[in-house]
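A.B. asks: I have a structure here, written as structure tokens, and I will follow up with some questions on it.
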């Protein structure tokens, strides 16, 4: 440990080069290195007597308070003056201890290091009245240097921290455990008093040290930084000069750092950027013939692409394609295939280009004429009985620096045949298929082998598909709905393929006139079914009202509508909208298809497996809680917002689990999420996801603005029209039908468990009820919803 002594007046001041060896077990502050200087202002280990100000003090004191004594450890050569206090047998303990006035000198921030030990309160069973295991560290700034006692104004002292024994408390059966804590405070006045406040702990202040830190002069990154005091532009509060990454000088391109200086890169090496990096050897097939090179020049017949980093080797163009041949040829098209070049030039970006000596502007190349990577190309639009010469070039990223190599082939197209189909027409159109028919070729060749139909989306002629048939008709399936397609047909005889017919365009999804009677019949059936469903619902409501009248109002989930007698409408429903039938999201017919069945989460040996399978885990950082809107058995229900990456922010309802809940409550809570996660229907509450990897555990669902149906209708008694109420009923029925098709029994369908959104759409909710079926005359899962309407 390097030490230099500063003497100012009668007081001894010491400056240390801060390191981990200073003052026994000095704690490291912000990773202090050995070149940082600590200027010590107070060190009790160097004092033979302290005699600090204490309160209470003297024979009239209610408690013994702080007592000065010695702390010794002869094995380590320690004999320090310290203060102890242990007034655990008294009530309302309030013991204060002040340091002498400490001048700041050049400090902008002071550090105080406290070494202390603390007894465990379990050592005082039955006799401790106010035993604590913490004490308070405070300070008071003062502008006048004085030897007078510190001011007795407790409210004027600022709390630095309430300190606990982080390293441990000792008992009668263990050795003394010494804790070391370091705190810092900013200083703006002439000096400071530090105070220690005890309120019932049994502790010893073994040693106190007060100091500040300066940055010594240093040479970093070829720049000299003089000694400074933090905070400063180049001096951090920890006493460390500016990080090398944030300040200093760097070597320019072509130079490398050597012993705080920059030297030219030697021959055969280079450096392309400004920085601390060393010069690098030239990559393969390149060289640097002079010192200070910023890049290496490629050898003869080797090149570097402008897109290649300078650290990459120089490369060559590829050789010519291999085994170029014609795979198919007729009177207007040819298919060419080949193999990749034998040598790719040590690159992996090989592509191809096609040229043709006699091809006109109407010739098409599939997939393209240049820049493609396939080893085949189809050329169409050629003339019959014509000789063409094709060249296939192999190129890569450095082919622009020299002539490309190629393979060549000469092909003569076949003679044209007059087998041309006619009268191509649309037979029928559906959403994803179109039926075609046409007339056979009108020529002297009766031996037609088959037909080829070419079809493509309008505007994408080059991406067409083909289908073959032996008949004069075909059905093209797997088409996109509402999309315009073009169709061409050609015939093949013993003399080859004929030309394609003229293109016929048709959009999928269009309806022909022959479908009108079918549509009318379906519409009549739909209307009849709707009327039947409404009649059944009204009969059920009237029957249920008789049973409901036999009970107390509190025993029945009654939805009463008394015109003029309901509560005052909330502002959003002073003029409730009349929801037309077209607005209702519930379909008149539930689409019955291949829907998967509900799986009971209780059948899983590990309930957490059901959570992982049926729910989506959401990071809690994506959720913002705005307000609490209710409470339940497990915890609070809150309104908040959910913002997932790549999606717009949405309002959600957040159901939280109390941290103190039992394991069973947690499993029941997550089981409800596992149930909800299996449903996807516009009239069943939608589960956004769950939070299980952090506390509190949450269930995130869509937000329903109007709350429960029970409360909503009672608050707006008599304000809705019949069509709106029927729409709500139909939504509930659709949701329950969906749950029944999923083989799920809700068990507690009631108005309080139905939620309503801003568009008056009802959704089934609350899947947390779990009870066994009991034997009873009536169904154990029947909830009567009574609707009483008084005549005005």
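For all residues, glycine too, the Cβ spot is worked out from N, Cα and C.
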A.B. asks: Which is it, of 518-541, 542-565, 566-589, 590-613, that TrEMBL names as transmembrane segment?
C.D. replies: 518-541
A.B. asks: Run through the domain 'Fibronectin type-III' (320-419) and tell me, per DSSP, how many residues are helix, strand and coil.
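C.D. replies: Going by DSSP assignments, the domain 'Fibronectin type-III' (320-419) contains 3 helix, 49 strand, 48 coil.
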A.B. asks: What is the number of residues in the domain 'Fibronectin type-III' (420-511) that are helix, strand and coil, as DSSP sees it?
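C.D. replies: Tallied per class, the domain 'Fibronectin type-III' (420-511) gives 3 helix, 47 strand, 42 coil.
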A.B. asks: Quick one: average pLDDT across the domain 'Fibronectin type-III' (320-419), no decimals.
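C.D. replies: On average, pLDDT over the domain 'Fibronectin type-III' (320-419) sits at 91.
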